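So that you can see what the record holds, here are the features copied from Swiss-Prot:
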REGION    15-43  region 'Disordered'
DOMAIN    89-150  domain 'S4 RNA-binding'
Amino acid sequence: MSRYRGPRFKKIRRLGALPGLTSKRPRPGSDLRNQSRSGKRSQYRIRLEEKQKLRFHYGLTERQLLRYVRIAGKAKGSTGQVLLQLLEMRLDNILFRLGMASTIPGARQLVNHRHILVNGRIVDIPSYRCKPRDIITTRGEQRSRALIQNYIDSSPHEELAKHLTFHSSQYKGLVNQIIDSKWIGLKINELLVVEYYSRQT
C-alpha cells in the first residue's frame, strides 16, 4: 500500500488532528469518528482508526508500519511504547518536532533533496533512526538555510519536546535522549495499534 497523497482535510475529519500530516484542525462538529452508519463503532473499527491515525501522522506505508510493529515486538519493554519511540526518532519526524519543517512530508522533502546533515554528514534517508547526542544541521548553502528559515518563520512556536534542543540562529538541533512517552506529538492509544496487528496474524 502506497503512502497517502490525497486530500488531507478528509483524513483529519475522519481521524482527528494529525499534526504531522497537516497543521489544519477539523472544525467543531465536522469530526466523523463518532458518526458511523450504525451509530456505534465496532472494536475492530476503533483499532483500525488508531492504526490509520499513526500511519497518516508519520506518513508511512502499511508495509513500513508493519515492519516497525514487528521490530518493536522483538524489543524489551512495552511494544506500544517502543513502537512510538521508533517512529519519533525517525529523522523526518525529528526535523518536524524541531520546527525545521511544518509537516513530516515537508521534512521528508528536505532530507530527500539532501539539505540535511547528521553529525556533519549528509543523510538523505528520511527513516534514518536518530540517536542521543546526534546533531542535526542544514547544509551551508544559502538555499538550504532559506528553506529552513521559511519553515521556522511560518511554524507556530510551540514548546519543544524535552528530548530535543534547537538553536535557530545556527539552524542546529540536538537529540538529547530517547523521547519520553508524554512528549509524543500525537494523541494516540498505541496499544490498540498493537492489538490491531496481533489480530491480523
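In case you wondered, yes, glycine gets a Cβ from its N, Cα and C as well.
Taken as a whole, the domain 'S4 RNA-binding' (89-150) shows an average pLDDT of 93 in this prediction. For the domain 'S4 RNA-binding' (89-150), the DSSP counts in helix, strand and coil order read 26 helix, 11 strand, 25 coil.
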